[in-house]
Amino acid sequence: MKLVVLCVLCGIALAAPRQKRLTVGTIAVTGGVGGSTGCVVTGNVLYANGFRLRELNPSEQQELVNYEKQVADYKAAVKQALKERQESLKSRMAGKKEKAVTPKEEDLPKAPQKPSFCTEDDTTQFYFDGCMVQGNKVYVGNTFARDLDQNEIQELKEFEKKQTVYQEYVQKQIQAQVSNLFGGADFFSSFFNGGSEKGSSTTTVAPVLPEDAPEQPAGPNFCTRIY
């Protein structure tokens, strides 16, 4: 049973859109999952991952008001969609002949776009040995240390480009290995479709990967840890 649950979770994780780039010990992009991660506004003051950035101007304050309303509407739409799915499931379990309809992606509630004052550049954190960089500022622990100079900013941008290529390669490798191990999407769909298409067979094709695997780039030397 535990294996089945693990397999289903793996399938969901691989199918879900990525909202974070994550490499342990190097880059972590917080996605605003509770607490103080991501962008937080209180008293018209903007924080990113717990660090104070600045006060919102009047235009941004109005943008925040509009965003709050959009979030409330989105939550209500999600709640209604879940209620309809639950009622449909209950009817089918009660023996009523009701065709299962998979909602189209365009019919699903859409999360509102983040305000313009909360960007990926604001919430991206680069973790190096001894320090962390966010918003082109160096922190030691939670203490602000200094600003990056222009050369260091450019160096960080180049590092992020190379690191992104490396991460995408690694993720494709993992997806290919999981697909080969569990038989691809058909393995997971069998749990939810009850194996309705009996006798059918498919071949999982591994994604095409570069012949030469990219190397993980060395991190910039913005701080020195004393061992």
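Placement of Cβ uses the backbone N, Cα and C atoms for every residue, glycine included.
Model, not experiment: these values are computed from the prediction.
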Disulfide-bonded cysteine for C131 as listed in Swiss-Prot, from C10, C39, C223
C223
Around C223 (disulfide bond), which residues of its chain at least 6 apart sit with Cβ under 8 Å of its Cβ?
F128, D129, G130, C131, V138, V140, A145
